[in-house]
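Here is what Swiss-Prot records for this protein:
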- 1-39: domain 'SCAN box' (DOMAIN)
- 76-147: domain 'KRAB' (DOMAIN)
- 271-293: zinc finger (ZN_FING)
- 299-321: zinc finger (ZN_FING)
- 327-349: zinc finger (ZN_FING)
- 355-377: zinc finger (ZN_FING)
- 383-405: zinc finger (ZN_FING)
- 411-433: zinc finger (ZN_FING)
- 439-461: zinc finger (ZN_FING)
- 467-489: zinc finger (ZN_FING)
- 495-517: zinc finger (ZN_FING)
Amino acid sequence: MPQQLLITLPTEASTWVKLQHPKKAVEGAPLWEDVTKMFEGEALLSQDAEDVKTQRESLEDEVTPGLPTAESQELLTFKDISIDFTQEEWGQLAPAHQNLYREVMLENYSNLVSVGYQLSKPSVISQLEKGEEPWMAEKEGPGDPSSDLKSKIETIESTAKSTISQERLYHGIMMESFMRDDIIYSTLRKVSTYDDVLERHQETCMRDVRQAILTHKKRVQETNKFGENIIVHSNVIIEQRHHKYDTPTKRNTYKLDLINHPTSYIRTKTYECNICEKIFKQPIHLTEHMRIHTGEKPFRCKECGRAFSQSASLSTHQRIHTGEKPFECEECGKAFRHRSSLNQHHRTHTGEKPYVCDKCQKAFSQNISLVQHLRTHSGEKPFTCNECGKTFRQIRHLSEHIRIHTGEKPYACTACCKTFSHRAYLTHHQRIHTGERPYKCKECGKAFRQRIHLSNHKTVHTGVKAYECNRCGKAYRHDSSFKKHQRHHTGEKPYECNECGKAFSYNSSLSRHHEIHRRNAFRNKV
């Protein structure tokens, strides 16, 4: 009769009876009276909040069905990863596998104990701690001993790669605690009419959770074998749901459906920048990002004093001082300080030019080359000389121009010691000593030291006169000839004599004028 009565009850009532009054589950009349009272709306708890607290404590002391005890914890964690060997199998293991087995088993057991699992010490752990051989007695049964041993060795190796972490075990304990509190709270909700008691219980549960997390963080703070300080941070976030019921009485439930959906309330914690709202998965990445906003540069080069916001940037910079070039081209052996420079260099071998100008379809191997090229279409010259106001498309052209004002000539010829303000000028000059003429005309075979000279020469074969005067229509093959012609119209005389101050339109005219002064000086001496 009692069992049949339990079957006819609603699921919630049947579960509550088995949990709350196991003795009454076998009694007919008392059971039916209690259940009838509960569903007619009478309060099963006529005591005050202290009675409810006492009942909660008694429920916590009971072994709730479906929740792991110390024994089940051992079965679900340690015994699942434990591997048993017979005496024969243990003897066949290589010393390296025996040592690996000892390390894995002892580490997993230590992690279980450190996060608070209450379990008796397995015999295999005692044997390993004493230095004894941890083999078990022979087990009768079918199977190939050699294949069984092979699978055990593979299990040891895979387990060594993924030993049970303290944080993972702690999350399991927290889930069990949440499920237990969930059942306790659900029971109180069903049998109590005191809403304020329920709310206080909910606050107590959340306070217990917060305290458990703080305790866990303190527990796992330790010093590893390398002397580094390790703090394991829990990434489990507990969500609190508020369900509204149709009844006039307000009911707030602290519900975690971890039994049916164990991962639905677990999400990875993220870190958001409160300035630009960018999100990061690791706190160290957020810290590095914040230096963009603060301008902080804590990493300083000891050689030159230059500061950087990231340690990686400092390491890359230091290669300038050490001369280290770790990235080497497999094609030609050329080495680079940066991987990006090597990637750009590879395009010289592959011929790849992924950056294309939208206006003229000219392609470039580097993005910076495309940016500089686009300024020829837009006319932009963003780099201005502070001395004379002249503007340039590229910063290197401005740097070279500034040397005109400073008189700096940092490039010296090793053959004749002549100095130059531009590296290109030195390169061109050195061809005088070497006799190199790398630019050859395909039409007549004539060779030139500079590319501009070859370009000017080609107009002899093509007959093209690309430079035409807007005032008189006269055309010229060379840009230099065109500029000289324009001085006829403008009256410009940039070449001035240092002795008499007379100015000339052409440099050749100034040279002829200097001859007059030299002849006059010679006559005066005679």
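Heads up, the Cβ atoms here are built off N, Cα and C, so glycines get one too.
Mean predicted confidence for the zinc finger (327-349): the pLDDT average there is 89. Under DSSP, residues within the zinc finger (355-377) fall into helix, strand and coil as 11 helix, 4 strand, 8 coil. Per DSSP, the secondary structure of the zinc finger (383-405) breaks down as 11 helix, 4 strand, 8 coil.
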